[in-house]
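Residues or ranges marked as region 'Disordered' by TrEMBL: 1-42. What TrEMBL records for 18-40 is compositional bias 'Polar residues'. Among the features that TrEMBL reports, transmembrane segment is placed at 68-90, 123-146, 167-191, 211-229, 285-305, 369-389. As annotated by TrEMBL, domain 'TLC' applies to 161-397.
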Amino acid sequence: MSNLPAPISQDGPDQHDTQVTSVGLPQTAPRSNGKPNSLNVPLYMQRNGNKVLVRRPKRKDDGALKGLARWFVANQIGLSCNLVALLFLAHSMPRAREYTSKFFTLSYYNQNTGKYFLGGDDWYLIAFFIVVLTGLRAGIMEYVLAPFARAKGVHKKKDIVRFSEQGWLLVYYSFFWPLGVYIYRTSTYYLSLHDLWKEWPNREMDGLMKAYTLAQLSFYLQLLIVINIEERRKDHWQMFSHHIVTSTLIYAAYREGHTRVGNLILVLMDVVDIFLPFAKCLKYLGYKTICDVMFAVFMVTWFIARHIFFPMAIYSVWAHTLIYMNGCFYGRELDGPHPPPANDTWLYIARPLWDTDAPVCFNHNFRNGFFGMLFFLQILTVMWFYLIIRVAIKVIKGGSAEDTRSDDEADDLEDLDEYVYEEAQPLEEEVGADEINLKSWERRVARGKRSTTATGVSLPGHSDRKELLGRIGCEKQVD
């Protein structure tokens with residue numbers, strides 16, 4: 001009988017009963033992070049009980065959901081383009097336009113006022129924005145930013161990916177921050193905290209404000225998808241919490257008639273997200289001095305916008321809201337103010353989030369919840385600013401500006417593969433005793449002994465012919 005190894009899927013070997021035997025591999029030093037690279041990992045491992053294990057690569061966090069996430073990441077452009085193409089194709093059919101037009105246009109236009117109301121059909125446009133933003137992000141990163149980085153001498157895969165990600169954020173915020181500033185500058189509440197709350201409730205808005213708010217909400221919802229399907233960073237949960245709070249605030253402000261303060265907060269938050277991606281892009285391109293200067297500008301902008309002006313808006317929520325807003329208003333005509341429903345729980349405050357016809361209310365409970373969410377957002381920004389100060393200290397001491405929040409995640413993108421071992425199961429082959437060629441094996445063993453010193457590779461027990469045959473169960477030497 002001759003036993004030839006044929007891999008089958010098994011769990012990896014236990015470390016306590018495994019004897020490692022490497023064949024034909026140079027012995028290189030392990031990586032500093034403790035993860036073996038492909039040159040360090042032995043091709044075969046031998047367990048007690050004459051079992052041979054064959055190496056195969058395994059993706060980190062391998063599983064059905066992880067595989068689906070990798071597929072989605074790899075096919076973002078095609079998937080987005082196909083969905084948009086299908087929508088336009090369906091829209092070309094007259095009978096379908098009643099439904100497909102909701103994906104492309106603002107809903108609930110009031111011809112009497114020339115403004116837009118809100119409702120459940122807004123989710124069609126939000127879904128369309130998410131698909132478009134996904135395709136734009138992936139397309140710009142892959143076909144514009146990544147080739148630009150390579151042309152500028154960036155060769156490491158991780159740096160190209162980071163540059164592309166930051167470049168996309170720079171493109172997005174460079175468009176939406178000036179748009180938000182324009183809306184704020186031309187508004188009636190420009191530079192007035194009190195005017196943020198006057199004329200409430202007013203759930204109608206002009207088309208530009210509605211499109212701006214829904215697009216911003218779509219962007220943060222799309223970010224929630226991105227951070228959960230792409231490789232996780234060290235600050236994953238902080239960013240996840242930030243996006244959840246931001247999305248909730250934008251949506252609540254939109255549904256409850258607080259788009260004015262929503263516009264102000266987005267302007268204050270978005271301005272720093274122009275300078276930070278710009279500084280990071282300069283770092284990856286090798287412009288260290290300009291990067292450090294831009295990082296200093298980013299720090300100053302962050303402190304002024306998020307730790308001076310943003311706390312002023314939070315204070316206004318606590319101090320000014322109940323002066324101008326109190327009670328409940330019913331219907332689209334906003335009849336009121338009326339006292340809160342006597343037979344209802346505190347959920348009446350949140351009901352407008354899903355029920356357009358529910359009464360819109362404001363009282364001290366709503367104020368406290370609104371204030372608490374903004375205060376939590378401020379705590380997150382303080383934690384991040386602490387990390388930013390650490391970077392600034394590093395620059396002062398002679399280092400370079402590198403954002404420690406997310407760039408130095410635990411695992412590199414280039415080291416996605418780990419290795420597992422599958423147990424080799426013998427395939428039996430009938431042979432005759434006269435076909436055994438032990439002399440050939442002895443000559444090969446002798447050559448192996450002479451080469452052991454040069455290669456550093458040793459096969460334990462192979463010096464003994466009978467032991468070898470007993471170990472692998474062969475009756476014929478297979479050349």
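In case you wondered, yes, glycine gets a Cβ from its N, Cα and C as well.
Those TrEMBL annotations? Automatic predictions, nothing curated.
Remark: the transmembrane segment (285-305) makes no contact with the transmembrane segment (211-229), by the rule of 3 or more CB pairs under 8 A. Within the chain, the transmembrane segment (123-146) has long-range Cβ neighbours (under 8 A, six or more residues past its boundaries) at 76-77, 79-81, 83-84, 87, 102-107, 160-161, 163-165, 167-168, 171, 214-215, 217-219, 221-222, 225-226. Within the same chain, residues 238, 241-242, 245-246, 248-249, 252, 265, 298-299, 302-303, 306-307, 310-311, 313-314, 317-318, 321, 349, 403-405 sit at least 6 positions outside the transmembrane segment (369-389) and bring their C-beta atoms closer than 8 Å to a C-beta of that stretch.
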